[in-house]
Amino acid sequence: MGAVWSALLVGGGLAGALFVWLLRGGPGDTGKDGDAEQEKDAPLGGAAIPGGHQSGSSGLSPGPSGQELVTKPEHLQESNGHLISKTKDLGKLQAASWRLQNPSREVCDNSREHVPSGQFPDTEAPATSETSNSRSYSEVSRNESLESPMGEWGFQKGQEISAKAATCFAEKLPSSNLLKNRAKEEMSLSDLNSQDRVDHEEWEMVPRHSSWGDVGVGGSLKAPVLNLNQGMDNGRSTLVEARGQQVHGKMERVAVMPAGSQQVSVRFQVHYVTSTDVQFIAVTGDHECLGRWNTYIPLHYNKDGFWSHSIFLPADTVVEWKFVLVENGGVTRWEECSNRFLETGHEDKVVHAWWGIH
């Protein structure tokens, strides 16, 4: 058993050594890798060194030529670093001279931060030869010539932004608001004056022989006889009242209110038993206070099936009206009779009627 264990240990050691050798590669590969590294280091030093691989050295032993390849690139890198420092110093001198020549454009440097970085030269890139340095200098001068119009554009844009900010600030000031309000008031006053002139001309066009109280159907009911002056006064008051409701806040143009324009309270009352809770009784008529047959005035339920509501109507006026049944916001039933007529007179009154019966 001891011999078996020793054989297994020896075999395992050999297998492990072979596995490690396969992972690291053969001894010939190291020479190739060293040559590849030397070839990569050669361009960094500038020009290739002649005879670098002509010394006859094999891949197993690099020899003294490999040491020369290692030391020379370091020397070239130092020289390149010296060249890089020179390019940095020259760039700083050019920037300082440009700022001294153009001191007024220092403000425009902030606007260059918003320009894409691809439009500015990268002067900190390492130069590998004097030819590349001369090219970088030409590119720097060309890009600086391009930067000058970009700086002017940023300066103009800054002026536009400042002008817009000044206008916004002026709009927020209370003095500008006062000026705007005064201008609006003057325009509204001029519009009111022009409308007053038009209304005065329309009043002059009203025929003097028209009577505003003659309302009736088939001569069955006649309005009280009015003289000419009363007819004109009533006509003008009715016209002014109608226009005053259409135009908001313009009732001040009525200088004198005639005595016939006073109002009386009329209480409409009817008995009707509705079938549902959503139904109610309303009144409508040809006068604007009654909805002009387009809308209705709801009546309030009292008790025992009675509905009533008080409405103000102009005195000495004949109106045509009727009760209606309303359900869900719409008229579902009208009185089964002809239209009713009412003479308002000069005193308050109560109009009690039965549904569908005159």
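Every residue, even glycine, has its Cβ placed from backbone N, Cα and C.
The range from 200-206, 256-262, 263-269, 291-297 that Swiss-Prot describes as motif 'LIR' is residues 200-206. Record note: of SER141, SER190, SER211, Swiss-Prot gives the feature phosphoserine to SER211, with no matching annotation on the rest. Swiss-Prot marks one residue of SER61, SER148 with the annotation phosphoserine, and that residue is SER148. SER210 is the residue among SER145, SER162, SER210, SER338 that Swiss-Prot labels phosphoserine.
The average pLDDT for the topological domain 'Cytoplasmic' (24-358) in the predicted structure is 60. Note on the topological domain 'Extracellular' (1-6): none of the residues of its chain located 6 or more positions outside it place their CB under 8 angstroms from a CB of the stretch. For the topological domain 'Extracellular' (1-6), the number of residues in each DSSP class (helix H, G, I; strand E, B; coil) is 5 helix, 0 strand, 1 coil.
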